[in-house]
Amino acid sequence: MQISSKKDPSVNSSKNWLKTLNWQERRKLERERKQQEEDELTLAKVEAPIPQSNIGFKLLKQMGYSPGSALGKQGSGRAEPVGIEIRRSRAGVGLEDPHKEKRKKEEIMMDRKRRKEEDLMKEFGSRQKSQWQSRRVIINYNKAKAALDQLENRVIVEPQKNDDVAEGEEEEEEEITEEDLHDVLMKLRDEFNYCLFCGCQYESNHALLANCPGTNEDDH
């Protein structure tokens, strides 16, 4: 049987990659590799059960301990040894691992960024709604004012239902408040029994109150 003399291409590529690094980077990689091997060896020794020849095991056995059972008179203590965590950082005991701390800070920053984006979206939606309401106030005010002028001349012309967007944009520059609109609407109702949103003039104030759902556009 012939043994192939060809080398694994992955090994060759790994060696070529190492050649591209400077001596400081190669030294760092070698140190990390040795630390990882040491950590694996240490954990393997710790996880191995204590032999029965151990002094501590003999003392526990004399006090009634049996392998696999929990400590304590009532058997309510620990059944397994306290676990260990190998720390290669220079952080003191009690401090979190720097990598975990970094990930935690990144998660906090991402959460803050997400909340900020949500607040901006809410603010944008609120601003859009406010602008739409302002346009509606101006459009309805102009309609109500035109209807009032025509009613005072004893001529009734019902306002059109379809709103012209361009007309609304031009009228948005006027300073008209909801109070101004409310005053004109109430004058139409009190003096002429006319509802802008119903689009008709009622025979009497009683008929207006009985058939009109309300004074606002939302009521209709």
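Here the Cβ of each residue, glycine as well, is placed from N, Cα and C on the backbone.
The following features are taken from TrEMBL:
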- 10-23: compositional bias 'Polar residues' (COMPBIAS)
- 24-36: compositional bias 'Basic and acidic residues' (COMPBIAS)
- 96-126: compositional bias 'Basic and acidic residues' (COMPBIAS)
- 52-98: domain 'G-patch' (DOMAIN)
- 1-40: region 'Disordered' (REGION)
- 89-131: region 'Disordered' (REGION)
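Mean pLDDT, taken over the domain 'G-patch' (52-98), works out to 77 on the 0 to 100 scale. Residues in the compositional bias 'Basic and acidic residues' (24-36) partition by DSSP class (helix H, G, I; strand E, B; coil) as 13 helix, 0 strand, 0 coil. DSSP places the residues of the domain 'G-patch' (52-98) in helix, strand and coil in these numbers: 9 helix, 0 strand, 38 coil.
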